[in-house]
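Engineer: My questions will all concern the structure given below.
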Amino acid sequence: MLHIMKKIAMKMLENEKKDALDCSVSDEVVDEWLDTIEERKKRMQEHHKTDTEQYDMLLGVEKEVKKIKEIRAKKCTKPD
Amino acid sequence: MEYYVIYFFLTLALSTLFSMGGVGSAIGLVPIFSMMGMPLNLAKAIGLFINSASTITASIMNFFRGVLDVGFAIPLIVSIMIATPVGAWMSQYVQKEIVEWVLVAFLVVSALLLIFSNREQKVVYDKAWILYVIGGTVGLISGTIGVGGGSLIMPLLILLGFDAKKAAYAISFVIPFSTLGAFATYLSFVHMDWILLGVVTVAAIIGGYLGDRIMHYRLTPSQVKKLIAVVLLLLAAKMIYKLIGV
């Protein structure tokens, strides 16, 4: 079940990339998204849930958001 | 037909606005529906279902974004699931005006605290017992007056130190558990217009989707906090207007 959910999450993130890659969206929004994922990861680590599919899903989402952040850094940095 | 179109767009607009703050739109829609001539208990039942539809949509999206912490919401869900049907049952016996005045006072105080509190959110008071107390109290009130409870839990969580957006994500997940139970209770003594329910549910799902996207990508936590405060004040003004019968 969670395997299917992970796929849906990735598919959804693909669709949402368009929004996230829009330079008019504040950097704070993406940073706060990563912070929330980081907090959830810590919480799951504290509760020893790192071998669950949900944790894997979270890692996958984090990877995608970091990619978005990297692309934004290149795309949205204004030349001096 | 025109009747359904009006309700569709009204629900769409308010569900979008309230989803941006992570709360259900029933607290705004119930008084409006009632003022438009709908029987109050029917308005409350429909409002509760609308809240479920829009917040489920937002929660599904938040889950797949990885920002929804299900574990944190469990104490709220447990207590609210028990208390809301009790509140819905009590609504037959409690004088509505008394509860509504209490709610008005709560909305105003919460909004003012959100606007004027400059508290640094470094410490979060997230002990399970306080979440049980909040869930139980909010469940009783929201079941009685027929709202989802999100606009009551939201300021409390923010005052406990939770980030406005994170509180909104958790609340979107909690609300369906309270509203669906209360909706079932109302169904036992309300004559339901099922076509109208279907129409406004579709509007609420679309509104939940739009509002959630706007909140996630367009608003910062401090903007969400201010937005919620403004919405709470508008609701309080609307309720006072209705209660004093001007």
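Glycine is treated like the rest: Cβ placed from N, Cα and C.
From TrEMBL, for reference:
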- B:6-33: transmembrane segment (TRANSMEM)
- B:45-64: transmembrane segment (TRANSMEM)
- B:70-91: transmembrane segment (TRANSMEM)
- B:98-117: transmembrane segment (TRANSMEM)
- B:129-160: transmembrane segment (TRANSMEM)
- B:167-188: transmembrane segment (TRANSMEM)
- B:194-215: transmembrane segment (TRANSMEM)
- B:227-244: transmembrane segment (TRANSMEM)
Engineer: Among the recorded stretches B:45-64, B:70-91, B:129-160, B:194-215, which has the greatest number of Cβ pairs closer than 8 Å to the transmembrane segment (B:227-244)?
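Structural biologist: Looking only at B:45-64, B:70-91, B:129-160, B:194-215, the most contacts with the transmembrane segment (B:227-244) come from B:129-160.
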Engineer: Taking the transmembrane segment (B:194-215) as the reference, which of B:6-33, B:45-64, B:129-160 gives the largest number of Cβ pairs under 8 angstroms?
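Structural biologist: By Cβ pairs under 8 Å, B:6-33 leads among B:6-33, B:45-64, B:129-160.
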Engineer: Please give the sequence-distant neighbours of the transmembrane segment (B:45-64): residues at least 6 beyond its ends with Cβ less than 8 Å from one of its Cβ atoms.
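Structural biologist: Beyond its ends, the transmembrane segment (B:45-64) has Cβ neighbours at 11, 15, 18-19, 22, 24-27, 29-30, 33, 38, 70, 146-148, 150, 169, 171-173, 175-176, 179-180, 182-183, 186-187, 190, 192-193, 196-197, 200-201, 203-205, 207-209, 211-213, 216.
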